[in-house]
């Protein structure tokens with residue numbers, strides 16, 4: 001036990017080579033463990049993190065890939081920079097489960113701190129067993145006869161730099177497009193494989209219709225490929241909702257339930 005009363009007298013053992021070796025060894029061990037997963041979730045926003053938590057709690061090996069260095073999607077900035085988001089009943093219960101503080105605004109509306117929400121959702125997903133990796137972009141999908149079989153990944157920094165460096169892969173039983181407004185994984189699948197499918201993109205804002213459509217649009221859109229959150233609405237031409245997030249969390253939970261049913265039926 002370190003006596004924190006004498007911090008000035010502590011001598012720290014810091015060696016550059018040992019630091020490098022420790023990071024490399026831990027990283028290789030981690031990558032070797034996750035190159036085969038049950039579920040890969042692309043996008044660490046509100047729906048993706050929620051989906052990851054519930055799947056990990058079921059005992060599945062879950063890997064969440066986020067191209068940016070920060071998880072949380074569009075939650076951090078709240079509404080137009082004001083540091084709160086809105087969640088409506090009954091989705092507030094999903095936030096209470098992870099200890100997020102809510103302020104009752106009446107009429108079934110609550111506000112939550114826009115920094116606290118993604119932080120606690122991410123910690124809860126990791127505590128449940130999910131692995132979250134940032135700075136990783138999914139540039140393609142692995143396909144097999146029975147559908148999607150994993151993701152093709154690269155460093156987002158490499159992509160941004162425009163360097164021609166070949167990617168690596170993660171095999172999985174299921175892939176989830178939780179990329180938000182872009183629905184980028186669905187678009188990759190359709191465009192690269194010349195599928196006869198329409199990805200209409202999202203419509204303008206109509207919060208009530210958008211929120212309710214989320215739960216209808218959260219589904220398996222191609223064998224072993226699911227959509228949740230705003231990617232579900234974008235891939236089905238649903239409306240956007242703005243800074244009200246209840247449907248996003250419920251969509252993530254519903255997606256986890258659908259995947260759980262699919263994977264357990266395969267066993």
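Quick reminder: no glycine exception, Cβ is built from N, Cα and C everywhere.
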According to Swiss-Prot, 47, 66, 67, 74, 138, 164, 165, 166, 230 bind NAD(+); identify which of 172, 184 is listed for that same site. 184
For a quick check of understanding: among the binding-site residues 67, 181, 240, which residue's Cβ has the most other Cβ atoms within 10 Å? 67
In all the protein chains shown, the tally of other Cβ atoms within 10 Å of the Cβ of residue 165 (NAD(+) binding site) is 9
47, 67, 138, 165, 240 filtered to the binding-site residues whose C-alpha is within 10 Å of residue 181 (Fe cation binding site): 240
Rounded inter-Cα distance in Å - residue 165 (NAD(+) binding site), residue 240 (glycine binding site): 36
